[in-house]
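This report concerns only the one structure given below.
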Ligand SMILES: C[S@@+](CC[C@H](N)C(=O)[O-])C[C@H]1O[C@@H](n2cnc3c(N)ncnc32)[C@H](O)[C@@H]1O
């Protein structure tokens, strides 16, 4: 009930719905003095807002909206529990080859290869990602076909590397052709092209955690938004206002679709720019830096976006020998160069990134 009320209050600050279109600042629908209008880069491809207040004025007492939102919050708690259960079942469920797969392929493959069939796989929507050993190369298409039939997916990809500035996947299509799917996790719909955009099952804990830490009405800036991996949970379950920045035009298209799919156009705005071009300073209560390998290069920008007292969720990859000092030590050093004091609130290991290297997130409060 309390969270429902708080959410209603936050609506006063997020009283606009998004209209998906591409246009310049001159013909945007932002109110003239709104934060969004001041931030909008001239001529950029973005999402624009239309005023929702007129729509809300139809529900005079607000009772209807209040009821709707308090039930939404109960559902959010439920979804978080579901997310946790999902992670556990994902861990357990991928340990065995389905007997039916073994039965079919056991008749077609040399006996010594049957034991090399993948015991682990990742399912994103109705697309399967299969790690396949070299020895199975001559049979890869038939293997993919059988996994697809037994597991009921439309497309099978061979697991490959994730690389480059946009952290793009480079997965070979083994079966089927349509690699775009909608994956539902923790009550959130993520539309993506699995062949080109990363979606790590190992990051589920962090996606669920972000849904819990966000507060209704607070301003979140997601500097590496992807398809909304971390910021959608904050807007959908946390009721936060989110500015989501994504540099890749291809990924940005899905981010926009996901905002629409999840019905959070009233509190999420997306920018197709390099986050270093984001023009606003001292605006965010919370900054998400969900990136790896080079995240430290973006610390000065995150510090400038954050308000005094804001929390920054700083991700990076860290060699084991530098833990536990890193990654906080680097963050603090860079912050001090900019005259900002920091306090470590929390630290979590997300996953193993490479042999001897871990993906870690530190929650840091900044004092400017
Ligand atoms: C690895 S994905 C992570 C998505 C999400 N933050 C998460 O942690 O699950 C990082 C995203 O940041 C985007 N990106 C990389 N450099 C960027 C920059 N300078 N400005 C904005 N987006 C950037 C990439 O295109 C990619 O979609």
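Here, residue 1 is simply the first one shown, and the rest follow in order.
Cβ coordinates are placed from backbone N, Cα and C, and glycine is handled just like the others.
The S-adenosyl-L-methionine site recorded in TrEMBL comprises 200, 207, 274, 275 together with one of 172, 246, 257, namely 246. Non-local contacts of residue 274 (S-adenosyl-L-methionine binding site) by the CB criterion (under 8 A, 6+ apart in sequence, same chain) comprise 247. Here the domain 'SAM-dependent methyltransferase TRM5/TYW2-type' (121-368) has a mean pLDDT of 96 out of 100. Across the residues annotated as binding S-adenosyl-L-methionine (200, 207, 246, 274, 275), the two Cα atoms farthest apart lie 23 Å from each other. The most crowded of the binding-site residues listed here (200, 275) is 275, judged by how many other CB atoms sit within 10 Å of its own CB.
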